[in-house]
Structure formats: structure tokens, C-alpha cells
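Enquirer: Annotation comment: Swiss-Prot describes G33, G34, H35, D53, F79, D100, Q107 as S-adenosyl-L-methionine binding site.
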Amino acid sequence: MEFKHISVLLEETIDSLNIKEDGVYVDCTLGGGGHSKEILKKLSHKGKLIGIDQDTSAIKAAKERLKDYENVIYVHNNFYNIDSILEELDIDKVDGIIMDLGVSSYQLDEASRGFSYMKDAPLDMRMNREENLSAYNVVNSYEEEELFKILKNYGEEKFSRKIARFIVEKRTENPIETTGELVEIIRKAIPAKFQREGHPAKRTFQAIRIEVNKELQILNKAIEDSVNRLNKDGRLSIITFHSLEDRIVKVKFKELEKPCTCPPSFPICVCGKEPQIKIITKKPIEPSKEEKEINSRSRSAKLRVCRKI
């Protein structure tokens, strides 16, 4: 299948980076290369782009899309490791970093990846297919209490307790092997009147995907490491697609902008923690009405940007 991914908030994200033609930029989520191509258009031959992705299909697609550009370095890795990636490339500081945290259209549409609740496929959901933990492992081996917490915390699923119980009951008969089987279990666990609010499996699938790929843990560390790697006035632009991610970015940015831990009663700061960034987007940038109509998957997208000081 051809790797397809429509870049969300493309123009807004590129503008937010304030690109210098001889700068060094990192696309932490290369995908099909949509954002990267627009960055490269603004770079001279002295500029450089590092494209990171843990999905080999994405890297292959990006190489084809960006074949006319020679100033690209492709890295098959997780942006969790951005610090060591730049270390290995002997790059100290960069001028801008972008993270697009959405699952690509390709990953959702390719049934065998197991991300979609709309298609029956083996339970997988691994962004990096070289990793061991898959959705199958989570669904069939996690304790009921552990499943409940994942569905509640990562999916904000109001019926998380019941869904977890139904999963455990069903797997005692036979292992749950496909997305279709899991969807049926979820449908039975959620009362009919609540199934009118979008697809009943949406939140559960989100929660399991986040657990499989350790998305929230990765994000927290990656933000800190990215800021440390920015030159003065360098920008970090992050696109999120659900409230959990957006909350992490919002809170982490605030921590880095105002890190002082001194009690309010102290006349001066004595903790020694200095601000590292200035938040550019006091409120997140959202897609235009037109973009939401053209690309329904952009509807929940939010862009937050900060500048290194």
C-alpha cells in the first residue's frame, strides 16, 4: 500500500518554526515527509534536515518524496532518543524541531497494522514493528486492574472497568486475536444509548495504542531533551491530536517557562531554576474550518509552539 498522510496544520507549523535558510532542523515524526518538504524548500544548500521515524514504511516513503534534496539525514529511531541521535550525528544544537503526534493515514488505513477499529485485522498497533510489545500482548496478558487503569487514564473511557472485565472474561475462553473481536467485546460492554456518541471502540483503541507505544512517557522526556538541544531563539512546534497529549505539552511548556519552585512568599528566587523557553502560543493553534472540512482527521489537532531563550 502507498504511504499516504495528509500533513495537518502544514502552513501554520512551517511559519511557527521561523526558518533560517542555513539552519539545522529536526522532524521528529517524518511520516510521509510533508512537513519536511516544506522545511527543505526554505533551506539553502547550507541548511540541514534530520528526519526521524520509527516506522520503516514512513522512511521509505519520505525518501521517495524528498529524493530531490541532498541535505536530509534519515534516522530510523524513536524521537524519545533525540539526544543520542544528535550526539551520534555530532550535532550539538539545532534551530527548530517539529513533532506531529498523529497516527498517519497510512497506518490507520493499512489493516494489517491493527490501529483501526473499522477494519478486522490482527491486534498489533506497533509504530515500530521491531518492538516486542503489541496490542495482542496488552489485551491478552495484562491483569484486569492494569487494563482498567490504561483504559481510564489513556482513553478517558467511562466504561473502562466493565470493558476490562469483559476482555478478561472473553480471553479465558480463547485468546483475543483480532481488532474485530475486540470491537465486539467493547460493543457488548457499553450500553447501547452511549454507542451513539461516535464509535464505541475509539477510546479503548486509543488507550491501547498509547500503552503499546509508550507515547505519553516518550513525549515528556522528548520535550525536555528537545529544548536542551535548541539554539537560542530556536523553536519547538508540537501538533497533538487528543487531550492527554495536549495537556502534557501545555504543562511541560509552563514548567519550562516558569520553573521556579520557591514559595510565593519569597521576595526573590533562591531555587536557581531559570526559565528555558518563552511560550509563543498562549492558546493552541487549531486548523481552519476549511482544513477540517477537507481532512476530517485534523479536527482534534492543536499546535503549541515555544522559543528557546
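Just so you know, glycine gets a Cβ as well, placed from its N, Cα and C.
Note that this is a predicted model, so its numbers are computed, not measured.
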Enquirer: Tell me the coarse DSSP state (helix, strand, coil) of D100 (S-adenosyl-L-methionine binding site).
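Expert: Once the DSSP labels are grouped into three classes, D100 (S-adenosyl-L-methionine binding site) ends up as strand.
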Enquirer: Sort out the sequence-distant neighbours of G33 (S-adenosyl-L-methionine binding site) for me: same chain, 6+ apart, CB within less than 8 Å of its CB, listed by position.
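Expert: Looking at Cβ-Cβ distances below 8 Å from G33 (S-adenosyl-L-methionine binding site), excluding near sequence neighbours, one finds D27, G51, A61, A62, R65, L66.
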Enquirer: Check each residue in the chain of D100 (S-adenosyl-L-methionine binding site) that is at least six apart in sequence and keep those whose C-beta is under 8 Å from its C-beta; list them in sequence order.
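Expert: Listed in sequence order: S7, V8, T13, T29, G31, H35, I239.
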Enquirer: Starting from the Cβ of G34 (S-adenosyl-L-methionine binding site), draw a 10 Å sphere and report how many other Cβ atoms land inside it.
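Expert: If we count other Cβ atoms within 10 Å of G34 (S-adenosyl-L-methionine binding site), we arrive at 19.
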Enquirer: When DSSP states are folded down to helix, strand and coil, where does G33 (S-adenosyl-L-methionine binding site) land?
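Expert: Going by the DSSP assignment, G33 (S-adenosyl-L-methionine binding site) belongs to neither helix nor strand, so it counts as coil.
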Enquirer: Can you tell me whether DSSP puts F79 (S-adenosyl-L-methionine binding site) in helix, strand or coil?
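Expert: Going by the DSSP assignment, F79 (S-adenosyl-L-methionine binding site) falls within a helical segment, counted as helix.
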Enquirer: Please give me the CB contact count at 10 A for D53 (S-adenosyl-L-methionine binding site), counting all chains in the structure.
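Expert: Total other Cβ atoms inside 10 Å, all chains included: 27.
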Enquirer: With an 8 Å cut-off on Cβ-Cβ distance and a minimum sequence separation of at least 6, pull the same-chain contacts of F79 (S-adenosyl-L-methionine binding site), or say none.
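Expert: When sequence neighbours closer than 6 are ignored, F79 (S-adenosyl-L-methionine binding site) has C28, T29, I52, M99, I218, A222 within Cβ distance under 8 Å.
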